[in-house]
Every structure is written in structure tokens, then in C-alpha cells.
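Peer 1: Okay, here's the structure, questions in a sec.
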């Protein structure tokens, strides 16, 4: 395989599936420059938990490991029976002691999550309406070198607003009347500005989001990925069926969005409705593998094929994109979807998977394998703390383009007649070394730079010579001639 097809030898290290570690999204770039505690503030029934869960879903989707710590859950676990409102009275000293202990237990878990478990943001979900509680949280954050960002959900009662003003106005945002008005103060970094921007785009008005792929295309029939082919005859039939379906829904002010590729545009044309074209909705860029079948990719670029099968979310096609890249590209689409009411999005398989993963709170590992068949409409209805999804099939046959997660075995790699390893091993990596008889060595690289060179070869045998060395900071690849 030509050297230029592998952009980053540091990242593209094939790891046998039997030893494959779980890859959290924290393997990607850190968007939070230091651990941050988001502190929810507000009286009960003001939407704090709704905001917490929705914000956490968004941050995880863009690749920032985030977790909600709901103090109410700690309290319910500690005190099984509390049917009386007296438990929450400020003059109930025993109850106040229990509630404080629950808050401290939650903060201990916050510390563990941010310092030991790879978390970047912790959402501390509680009322936090007293000065004493907020001072305690600020002291905790200062001790552990965490940033603090307050999100206050306020009702429209002026007396309540006044009583909930935070002491000396620390960094934060007040969401007033579920997004009618915002008060933003002392935003400290990039991730906090993104949080504010996200909160300013969400709303709680009833609406329905419809997601579907374009009708079956000519490339779908041929098993090719990427490209810009038009609809097949069955694809055009689906477009007509989609038009009837949309008409039956009788939706007011429905907006229709498509990509800039033929298949989605031809599908939307059949609706006889205005539609907007989004470049961001174009299918994932397969780079040098565009308009190839998976069999052709496997035969032409066997290592790239194996690398993608090993880690589909982070793998980037040579000169193309990864699912992680696609998530970043789709963030403006998500922001605009959160602002809208009824929308129909006609897009492509990988794009639909990313959008669906956001609304259904799916992980990076699950995202590339979500089933999004052709000729089906996914109806998404936001509910209290999530989203309800209905799959509606329009009874038009199509090919299946879904590929199940495959367990790549070492025997599936071609016997290439030898390979040389060169990695910057700031993390432990493994590399398969082969000869004409198949796999002959599995090399584990310790946490220093090392070069592994086969210096002598006999049929079925490879002798390896390890040289610790100081290599240049850019990735290289040395290969033996064969």
C-alpha cells in the first residue's frame, strides 16, 4: 500500500480484536482545557434535570465526556422513606444534615469522575439555592483545581429571581422562563461559550423531527460507497411514497432539509415543497475509497480496510473523513434542529447515524452501527428527558446497506511477506508482522520510541531486532521490500 494513504501512523495502528481496548470518546481531543463542574441552580420543577440531561447528551455527542450527578438520586438512595414535605424544611436539622451528606457524597463521585475516570465535565444537579451550598461547591472546586460554571433556571416571579441571584455573580448563565431570556456572566473558556450557545438554541415547544435517507440510489444497487449518483427506479418510487406520507401528516410549516447530493435532492423534489440544501448534510467523505465497493477496498487497501473494521468511529479514510469528523461537521445542523419546530431531514446513512445518536444518546462505539435502512422514516418526538422514536416503513423494497460489526481476525489480513513497525509509542501499541506464511509476530511497543526491523527472514520465521531511538516527531513508515 502506498505510504501516502496512511496519514498518521501514530493513530493508525491495527490492534487484534482479542486485545482491543474499549475506546471512550476521551481518546479524541480535549475540548475542555481543565475539568469543569457545571452547577445547576433553581427551585424544584424549574427544568434543571431536563437541561442537565439534554446538555450532557450534547456534550457527549461532540466528544466531551460528561456525566450528571443528581443529588436527589443520592438522597432517595439514602432515605428510602420521605413522604412528608417536612424533610425539606430549612428548620429540620436532621434532614439538613442528611441532605448535606448526600451532596458531599455526590461531590466525592464528581472528583473521582474528573480525576480518575477520564471525565472532562460533571453536571452537579441539585437545587443549590443557598449561599452556604454554593460556597461549599466553590471551595470544593478550588481545592481540586476545577472550573465552575453555574446554570440557573429561574421562574418569572421577581421575588424568587432576587433570592436566587448568585453571590458576587460567578461565571454562569441564568435561563429565564425556559429560554425566553438569558443572563450570561463571565464566560471563562471555549467550552463554556459552547454550553451557553447550546442552551440558547434549545426550546421545549412540541414538535416532530422526521429523519430519513434518500431513496435507493444507483450506487446503492452496485454496493458502492460515496459518489453522487441519482435514484434508482425503486428510489423514485420511495420519493413518491414519501410525498404521500408527508401530506398525510398534515404538518404546519414543515421545513425540509437535504444535502447537496443528487439522491437527496431528487427525493425532496417529489415532495413539491420548498427545501433547503445543506453541505453539512453530505455523506461522509470516503477519500480515496469513494465509489468503491467494500470488496474492492479490502482487496486494494487491505490495511485500511482492517483499520476501519477495528475502530469505525475514529478511523479516517485516507484524504477523507471519520465519524468523529462528521460529528463536528454536523454540530451546526444539530443547533438549528434544536431551534426549529417540525422538520424533515433527508440525508445519508452515516449522517443519519450521527443525528440519531445525538437524539437517542448513543455512544461513539454504537453510533457507526445504528440501523438506518433505506425507504423508512424515523419519527422523533422529544419527551421529558429524551426522545421517542418510531420507525415507519413505506413499503418500497430496497437493498440493505447495513453492515454488522465484524470481529476482524488476524487471519483476515493478507499475508504480505513482512512488515516493519515504526510508532511513537506514548501509548502501548501492537502491530502484526507477517511473512508469506501468514502471521508470525505480534509486537507490543513499550512507552518509548522504538523501531522494530526484521533483519533476517527464513520461510515461516522472522527475526526481529529492536532499537530504542529518538525519532523525529512526525509519523514515519518503513517497509521491507517483498
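Every residue, even glycine, has its Cβ placed from backbone N, Cα and C.
What TrEMBL says about a protein is an automatic prediction, not a curated fact.
The feature active site, tele-phosphohistidine intermediate is assigned by TrEMBL to 214. What TrEMBL records for 283 is active site, proton donor/acceptor. According to TrEMBL, the feature substrate binding site maps to 213, 214, 215, 216, 217, 218, 219, 220. Positions annotated as domain '6-phosphofructo-2-kinase' by TrEMBL: 26-166, 174-206.
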Peer 1: Starting from the substrate site formed by 213, 214, 215, 216, 217, 218, 219, 220, give every other residue of that chain whose CB sits within 8 Å of the mean position of their CB atoms, in sequence order.
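Peer 2: Here the nearby residues are 221, 229, 231, 232, 235, 263, 374, 398.
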Peer 1: Taking only same-chain residues 6+ apart in sequence, whose CB is under 8 Å from that of residue 219 (substrate binding site), what do you get?
Peer 2: 225, 226, 227, 229, 291
Peer 1: Helix, strand or coil for residue 215 (substrate binding site)? Use DSSP.
Peer 2: coil
Peer 1: Looking only at the domain '6-phosphofructo-2-kinase' (26-166), what is the model's average confidence as pLDDT?
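Peer 2: Within the domain '6-phosphofructo-2-kinase' (26-166), the model's average pLDDT equals 82.
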Peer 1: Please report the distance from the Cα of residue 214 (active site, tele-phosphohistidine intermediate) to the Cα of the residue listed as 'active site, proton donor/acceptor', rounded to the nearest angstrom.
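Peer 2: One finds 11 Å between the Cα atoms of these residues.
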Peer 1: Got a sec? Which of these recorded positions, 218, 283, has the most Cβ atoms within 10 Å?
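Peer 2: Within the set of recorded positions, the most crowded position is 283.
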Peer 1: Near residue 220 (substrate binding site), which residues of its own chain have a C-beta under 8 A away, given they sit six or more steps off in sequence?
Peer 2: 232, 235, 374, 398, 399, 401
Peer 1: Quick one: pull the CA-CA distance for residue 213 (substrate binding site) versus the residue listed as 'active site, proton donor/acceptor', whole Å only.
Peer 2: 10
Peer 1: Give me the DSSP three-state residue breakdown of the domain '6-phosphofructo-2-kinase' (174-206), ordered helix, strand, coil.
Peer 2: 10 helix, 8 strand, 15 coil
Peer 1: Can you count the other CB atoms that lie within 10 A of the CB of residue 216 (substrate binding site)?
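Peer 2: Its Cβ shell of radius 10 Å holds 26 other Cβ atoms.
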Peer 1: Quick check for the class: what is the C-alpha distance, in angstrom and rounded, between residue 217 (substrate binding site) and the residue listed as 'active site, proton donor/acceptor'?
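Peer 2: So the alpha carbons of residue 217 (substrate binding site) and the residue listed as 'active site, proton donor/acceptor' sit roughly 13 Å from each other.
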Peer 1: How many other Cβ atoms sit within 10 Å of the Cβ of residue 213 (substrate binding site)?
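Peer 2: Within a 10 Å radius of the Cβ of residue 213 (substrate binding site) lie 29 other Cβ atoms.
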Peer 1: Give me the count of other Cβ atoms within 10 A of the Cβ belonging to residue 217 (substrate binding site).
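Peer 2: Result for residue 217 (substrate binding site): 29 other Cβ atoms within 10 Å.
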Peer 1: Which residues, sitting 6 or more apart from residue 215 (substrate binding site) on the same chain, put a CB under 8 Å from its CB?
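Peer 2: In sequence order, 231, 232, 234, 235, 236, 237, 238, 239, 242, 263, 266, 267, 374, 375, 396, 398 meet the Cβ cut-off.
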